[in-house]
Amino acid sequence: LPGVSAAAIVLLKWLGHRQIQQKMEEARRTRDLALERMEKAAHRFKQENPGTQTEQVLSLTMVELAEKLKEGSLSPESVLYSYMGKVKALEVTREVNCVVDFIHGCEDQLEKLKKQKEKGLLYGIPISIKDHINCKGHVSSAGMVKFLGQVKEEDSVIVQVLKSQGAIPFVKTNIPQTMINYDCSNLIFGQTLNPLNHQKSPGGSSGGEGALIAGGGSVRGIGSDIAGSTRLPSSFCGLCGLKPTGNRIRTFVLAVTGTLGPMARDVDSLALCMKALLCEEMFQLDPTVPPIPFDEEVYSSSKPLRIGYYEGDGYFQPSPSMKRAVQQTRKLLQDAGHTLVPFAPPKIDYVVDELFTRGIFSDGAAHLVDCFKGDIVDPNLKSQFNTYRLPTLVKRILAIVLKPIVSVLHHAASISASHSMDLHTHLQQVYCTEFIAKWRKLRLDVILCPMLGPAFNHGYAGKLFAATSYTNLYNVLNFPAGVVPVSTVTRADEEELKHYRGHYGDPWDKRLKEAVEGAVGLPVAVQCVALPWQEELCLRFMKEVETLTH
């Protein structure tokens, strides 16, 4: 009998596994059919309109596109079908595997748009959308089998607002399984590659957006950010990205504030997007968003800034190119007449270990582990997942042995009863008050600091969760933070990397060195930060950095 029971269990597991595989295969077939439909639509338009200057359309910035669409020198059809064609013509999806769905309703929306008398700020501009953002008639899978087949009945607020401003969402992009990893891989749609170097990750969790925009298949996209998920792919793919203050657009209800934010090839595109989103439609559809329109005067200002800066956060030693990017940008800003003041984030270990990690895993990662019931864990997530599901006692022992660098184990051993959300929120507020006091004492306008990069080799993001210290600090603080590419990795950077030891010389420092190896020629970014609700000032600072470094 015991042998029969064991055989029955094995059979049930095999059947469950096979059922999961079948669902994933069906999702891939659905994706392939959708992309085929998009390809046919683009090809049909090209045949019917042989005079369309596709390359000229694709070479324009988003602001230039908006102007030409508004004045009528370009038609919305020519722009949409040019981008639909680009996705396939350059085989962006076949090469880097970044698109998971074609939003077929975009063709109907195009027809409605042509009949509208008023042209919104984003009239006729095609945009890409991260997988988990709801679009009517489409699935938001989060890279999980359990969500396949759950077709959404209405657009999310941000999609509704974008459409009201004339934008045309046309594709959904890939993400990592559960979005708790900053690589971009799941077992349903596979690994997304970095279009600048296929051996590298595009970052995550908005990695599909990063890859598509950097590959030229979208002029602008919408990502989300809870530990750097908009900023990291922007850094890895050489794009500009903004994480706004929570509630300026839309917030995730978690212990650490996550927000939706724009990604594009230049800062002006981000500013135009924010201007379009902060409109009456947004304020009516989502009453939790304060009715604060975009302040063009602040964004257009040329007043010299007082800028705090740091070259390393004291938690994870920056790679040589990260440090050089801040040093060179600091000098350019100083030469341009701005005042640069050294700044050190207070108690960074406490922020990452206590406020961020404990906030994310306040239940000992029980909910996250529970999410995988009826699913298969992606190999890129396995090292993280295996840590989360260790017995509590083992987590506590390992946390002591592995100190000082990673307390993920310790906090994955926490339970909500011993660390309530109320207490966590209070501790966050206390730290934020301390940070702002230091900021005010130095009379700063903004902060310049490193951005994690260059792009990682595949498979390393899941093993270097703690390296997000450079980005997750500003999720904990709920400050607006943006990314601007300022340089590329040099051979001298690569040579200096050989001597990289990190702060502790431990396995995580060794992994970071391995993660960023072989990146000569790839983009390096800096991070620009402002105080809460000052997105316009953050963008103005980003624009200054962009102008000086390009």
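Glycine too: its Cβ is placed from the backbone N, Cα and C atoms.
Your range for coiled coil, going by TrEMBL and the list 17-44, 45-72, 129-156, 297-324, is 17-44. In this structure, the CA atom of S205 (active site, charge relay system) is 9 Å away from the CA atom of I226 (substrate binding site). Within its own chain, G228 (substrate binding site) has Y182, K243, L452, T468, Y470, T471, N472, N475 as residues 6 or more apart in sequence whose C-beta sits under 8 angstroms from its own. Sequence-distant contacts of the coiled coil (17-44) (same chain, six or more residues past either end, CB-CB distance under 8 Å): 81, 84-85, 87-89, 93, 99-102, 104, 107, 139, 141, 145, 148-149, 170-171, 187-189, 374-376. For A227 (substrate binding site), applying a Cβ distance below 8 Å and a minimum sequence separation of six or more within one chain yields Y182, V256, F356, I360, T468, T471, N472, N475. Of the chain residues outside the substrate site list M179, S205, I226, A227, G228, S229, I180, Y182, G204, S206, S224, D225, T230, L232, G258 have their Cβ within 8 Å of the site's Cβ mean position.
The distance from the Cα of K130 (active site, charge relay system) to the Cα of M179 (substrate binding site) comes to 11 Å. Distance noted between the C-alpha atoms of M179 (substrate binding site) and S229 (active site, acyl-ester intermediate) is 8 Å.
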